[in-house]
Amino acid sequence: MKYMHKYFPIKNISNLTQIEWLLYFGLFAVALLLRVYDLNVRAMHHDESLHAYYSWELFQGSGLVHNPMMHGPLQMQLTSLIFFLFGDTDATARTLYVAAGTILVILPLFFRDLLGKHGAIMVSILLAISPSMVYFSRFARNDILMAVFTFGMVITMWKYLVSGNKKNLYLMSALLALSFSTKENAYLIVGTLGLYLTIGSIYESWPRKSYRGQFQNLSYPSLIFVSARMIFKAFRDCIYTQPHSRTFTVLILLISLTLPQWSAFVGIFQETILLKWSNIILVSEEGASSIGMPTHGGKLLAFLVVCSLIVASMYIGYKWHWKTWWKCASIFYLIWLSAYTTIFTNIFSGVQSGIWQSLGYWIVQQGEARGSQPAHYYLTL
C-alpha cells in the first residue's frame, strides 16, 4: 500500500546488533532443545502413525499416491527423505516437524521492520516456549509446516508491498505451492489474504473527496446501493489503472496462480436446482470408490471447468504482466506437480487428484459434523 514505505522502511537483517544476534541464536538453541528432547518417547498418535507409515512405504520403494484423507503428499515425501538419510525411527518420523517448528521461531526476524526490534524478539520468545507450538513441533502432522509456509507468505507479501522487489513474488509463489502441497488450509489462507488485498486495493482506488453530505439523506436501501456501486467502481479502477498498484498486483498473482485449484468448488452446486435435475455427480459422496471425484457425465463437466480455469488463469497473467507471471507460474507448478505426482512417477492420477479431489474430498466431508457441531458453527467462527 502507498503509505507502507514511509512508515515501515525495510531494514536489512545485517544491521542487527551483536546482542540481537546472540539473542536469536540463543532462542534458536532453546527452541531446538525443547523440540528434540525425548522426541522418541511419546507413543505415536493415530495421524502420526499414518504419515509415518506411508513415508516408510515410499522410503521402501513402494511409491506414494496422493490420498486427500491424509492431506497433501509433501510431508510424506520429505519424511521419506529423512528416513533415507537418517534411518526410520519414531524420532526421525518427527524430525521434519522439529525443523519447521524451530525455523518458525526465527521468522519474526524478517518482520523486524514492522514489529520493531523488541517486538520481533518478543514474538520469537513466545513462539519458542509456547506449549502449543512446542507440541505441534514434536507432532508428525502438517500443522506446523502450514504455520511456517503461511508466515513466509505474509512476510514475502509484506516485503513486496513495501519494496516492489519481484523476487518476493517468486518466493511467494514457491511458498504458495508448498502450502497447496501440504494441506487444504491453503484454500482458507488464500481466501483470507485475498480478502485483505481486495479491501486494500479498493481503499487505494477510493475517491479521496468526502461523500458525507451525499450519504446523510439516503435511506438504508439507497445507502447500500450507492455504497456497492462506489465499491464496484473503485475495484474496476484497480483493474484499468496502469500500472497496477502493488496491492492489486499481489491479488492478481494470488488469484491467477490458484484459480484452477478451486475447480472442484462447483461441486457445492451439485444438490442445488442448477444441477440436481441432471443427475451429474461432480463430487462423489461417502461410499464411493473415490470420494470427492466426478463420475460418468460429471467427468466431462469437471474437465471443462478445469480447462476453463486454466485458460482464465493464463489470460489474467497475460493481461497483467506475462514476463513476471510465467516465471511465478513455472515456480508454482513445478513444485505442485513434483509433489502431487511424486516426482512425476504417477502423473495422471496425481494431477487429477491434486487439481480436483484435494478440494472435492473435503467438500463432501463438510456434512460429516465430526464434532457434532450445530449448523451455524462455522458461521460463528
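Using the three backbone atoms N, Cα and C, a Cβ is placed for every residue, glycine included.
A TrEMBL annotation is a machine prediction, not a hand-curated record.
Model, not experiment: these values are computed from the prediction.
Taken from TrEMBL, the feature transmembrane segment applies to 21-37 (among others).
According to TrEMBL, the domain 'Glycosyltransferase RgtA/B/C/D-like' annotation covers 71-210. Taken together, the residues of the domain 'Glycosyltransferase RgtA/B/C/D-like' (71-210) have an average pLDDT of 93.
Annotation comment: TrEMBL describes 91-111 (among others) as transmembrane segment.
Outside the transmembrane segment (118-138) by six or more residues, the chain places 20, 23-24, 27, 30-31, 34-35, 39, 42, 94, 97-98, 100-102, 104-106, 108-109, 111-112, 144, 147 with a CB less than 8 A from a CB of the stretch. Here TrEMBL flags 118-138 (among others) as transmembrane segment.
Feature annotation from TrEMBL assigns transmembrane segment to 144-162 (among others).
Annotation comment: TrEMBL describes 186-206 (among others) as transmembrane segment.
As annotated by TrEMBL, transmembrane segment applies to 218-235 (among others).
What TrEMBL lists as transmembrane segment is 247-269 (among others). Listed as Cβ neighbours of the transmembrane segment (247-269) (distance under 8 Å, sequence separation of 6 or more from its ends, same chain) are residues 1, 157, 160-161, 169, 172-173, 176, 180, 186-187, 190, 193-194, 197-198, 200-201, 204, 238-239, 275, 282-283, 292, 301-302, 305-306, 309-310, 312-314, 316-317, 320-321, 325, 328-329, 332, 355-360, 363.
According to TrEMBL, the feature transmembrane segment maps to 300-318 (among others). Outside the transmembrane segment (300-318), and at least 6 residues removed from its termini, the chain residues within Cβ reach (under 8 Å) are 252, 255-257, 259-260, 262-264, 266, 280, 282, 294, 325-326, 329, 355-356.
Under the heading transmembrane segment, TrEMBL lists 330-351 (among others).
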Tertiary contacts of the transmembrane segment (21-37) (same chain, 6+ residues out, Cβ under 8 Å): 91, 98, 101-102, 105-106, 109, 121, 124-125, 127-129, 134, 137-138
The domain 'Glycosyltransferase RgtA/B/C/D-like' (71-210): DSSP-derived helix, strand, coil residue counts: 114 helix, 0 strand, 26 coil
